[in-house]
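Per TrEMBL, the features are:
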type	residues	note
SIGNAL	1-20	signal peptide
DOMAIN	568-825	domain 'G-protein coupled receptors family 3 profile'
TRANSMEM	568-591	transmembrane segment
TRANSMEM	603-622	transmembrane segment
TRANSMEM	680-701	transmembrane segment
TRANSMEM	727-751	transmembrane segment
TRANSMEM	763-783	transmembrane segment
TRANSMEM	789-809	transmembrane segment
REGION	829-852	region 'Disordered'
Amino acid sequence: MLGPAVLGLSLWALLHLGTGAPLCLSQQLRMKGDYVLGGLFPLSEAGEAGLGSRTQPSSPVCTRFSSDGLLWALAMKMAVEEINNRSDLLPGLRLGYDLFDTCSEPVVAMKPSLMFLAKADSRDIAAYCNYTQYQPRVLAVIGPYSSELAVVTGRFFGFFLMPQVSYGASMELLSARETFPSFFRTVPSDRVQLTAAVELLQEFGWNWVAALGSDDEYGRQGLGIFSTLAAAHSICIAHEGLVPLPRADGLLLGKVQDVLHQVNQSSVQVVLLFASAPAAHALFSYSISSKLSSKVWVASEAWLTSDLVMGLPGMAQVGTVLGFLQRGAQLHKFSQYVKTHLALAANPVFCAALGEREQGLEEDVVGRRCPQCDYITLQNVSTGLNHHQTFSVYAAVYSVAQALHNTLQCNASGCPMQDPVKPWQLLENMYNLTFHAGGLTLRFNSNGNVDMEYDLKLWVWQGPVPELHDVGRFNGSLWTDSLKIRWHTSNNQKPVSQCSRQCQEGQVRRVKGFHSCCYDCVDCKAGSYQKSPDDLACSFCNQDEWSPERSTRCFRRRLRFLAWGEPAVLLLLLLLSLALGLVLAALGLFIRHRDSPLVQASGGPLACFGLVCLGLVCLSVLLFPGQPSPALCLAQQPSSHLPLTGCLSTFILQAAEIFVESELPLSWADRLSGCLRGPWAWLVVLLAMLVEAALCAWYLVAFPPEVVTDWRLLPTEALVHCRTRSWVSFGLVHATNATLAFLCFLGTFLVQSRPGHYNRARGLTFAMLAYFITWVSFVPLLANVQVVLRPAVQMGALLLCVLGILAAFHLPRCYLLVRQPELNTPEFFLGRGPGDARERNDGDTGNQGKPE
């Protein structure tokens, strides 16, 4: 705390501040203590000429003053003084500081770095085999601000395991513990900032952007990280380029022109500029002078708050500027602290006392710390008093103090450990350190980084320099307040930066060229679908699924088979009822009149057996509708063809009997007729059915039908059907019946009936014609009809075959039994009248009549 005397001097100095007398602010950048902390701050800059023209290793001169660097140095000074005045942190110990200018140049930063590593109370650095007992003049280093400098000093301090805490170096490379074992920082790495930038681009639908970076380590590595993140989030970089740093030669303008020309050629409306402030200044200077079109600029933290860029004339016309700044605690006392120490620096009495107290720190080697600092006013630094980086400096000092407190095992009464702490001992307590600063609790992770929130800032122009307004935040996920954003476009419309329009649902992208964001929208065809909005190809549905055109999902296929409730099946069932009813009626009549000449002439018991077989054929059609199963597939053909064989075998016996009686001599006819009736006839029927059964058994064993599910035949359904494995074997199953029908037709077609007798041959002939017409039509119909209707075709063929046989053979006989019973005589049906024997004895065959 400042005593009353000092406060009085401060009041006097405030009254005389600004009179033009030099200050002694440069002398306030050092203070002795039990443990001294080194500080590296950009108090000045080298200018556009840089330091590349040096020919001798002399001390460079940096002329351009940086108010931000001075304020950060004062923030470190304030933090050290606060810690020294606290009783709960390092009680009984006093921290000192030694602050130097880096001039934002690695060459300049090396001299104070060497001074920090000089032996305590000396200016020498000796070479040792073991530096374990080496005690340098500073215990830890705060800074530098820039990543480029931190890469140089980080490797240097890392060799000695001296803790280094940067308040601004955000390059991701510095997280590598193998290369930078003693590096820490109180700002997040660039990866966090760039992750937030990528989420910002996604939030506003910008996937066609340009990415520019400064031509240094900071810009190159930032562009590399952004390219990786952008590719992972489907953001295309239309152009990626490096902005050269200001140089003394004339090559800068041409390179900047090339970069901006390529950006304009790419027709992007959003540019990510990850660059240092000098590079951004050079880029915007040419952009303003060339009056290039306005765009959205996503700024990196390095230039978003830079006075060098914000104060550039005409900067308001470049477009909308958005960027992320880390959120820290507000240091409310800092403004008053700066005012007080500027006032003290103007007091001769205070300056004289300060010079006597802080002597012996080798100004003859390093020169005056900040000559420009002695000629500033409060107005020169007032704009940066609330700079966001100030808290990072403040927190860096507190992290070292907390680690030293832990190393010395301090408590409320003091610090028991008396031996001087070496830098490497302090480093052991820096890893995963938790510390408090400005009311916040912070923690170094395994890479030496801290997790902090970001504020999304927008440049709002209300004067010559823009103001930074909060329009969102990022703490692992992005939140934006879009209503607060003022776009540079007409009517305040959000800019659109896309190479191609968004595809509609059910469409995928067909990429044109090398960029995945430039594409044509292609409809997904039936059977495929759009899985996600970023798909480059349609995904095919599984075989048990289907989809219409331009679909975003697949639907389950419904099983399709010849169901019982389908109209075709219902019609066939009606036909079945008719056929089965006629069969049963005919069978009933035949059984009732079983001893009548008509039934005997039709075969007697064999005729009833044939009707039973026809009834079984009718019932076999019930195996075809419904969902197929292996048992049904195996039973369909035998159950329909075996009964049909039994029916046709009875017809072949009648055809043979008619042929024998009509075409052969009487002696042969009497002998053969006995074989065609009685037990021998049943043997013929049995043999025919055994042959058909053998063919069916061979067919089922060699080429068994199988249940298959066809997923592609129907567009939205899965067809379940019995697949015929061999059509040749399927035809052989029909061969027995076809042979019987053909022989029966041959045996009756040419037979001439006798006058006055019932023409039995005619019914058989037309029955066989009905059989052949049915099955000959069946073959082309089965080959051309849809697979799902093939069972219906087989059902129809069987029923029509049964109805044809009934209509041609059985129903006329039933009509005679019911309507003309007087014709049911042996003479009319069996040919046993008085003149029959004589005619047969005479062997007169020439006068027989034609069939009726």
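Counting starts with 1 at the first residue shown.
Cβ coordinates are placed from backbone N, Cα and C, and glycine is handled just like the others.
Remember, it's a predicted structure, so these values are computed and weren't measured experimentally.
Beyond the transmembrane segment (568-591), the same-chain residues lying 6 or more positions past its ends with a Cβ under 8 Å from any Cβ of the stretch are 562, 599, 602, 607-608, 611-612, 614-615, 618-619, 621-622, 625, 789, 792, 795-796, 799, 802-803, 806, 810-811, 813-814, 817-818. Below 8 A, the CB atoms of the transmembrane segment (789-809) and the transmembrane segment (680-701) form no more than two pairs separated by six or more positions in the chain, fewer than 3 in all. Same-chain residues lying 6 or more positions outside the transmembrane segment (680-701) and placing a CB less than 8 Å from one of its CB atoms are 606, 609, 634, 637-638, 641-642, 645-646, 648-650, 652-653, 674, 729-730, 732-733, 735-737, 740. Residues of the same chain lying 6 or more positions beyond the ends of the transmembrane segment (763-783) and with a Cβ under 8 Å from any Cβ of it are 648, 651, 654-655, 658, 734, 737-738, 741-742, 744-745, 747-749, 790, 793-794, 797, 800-801, 804-805, 807-809, 812-813.
Taken together, the residues of the domain 'G-protein coupled receptors family 3 profile' (568-825) have an average pLDDT of 86.
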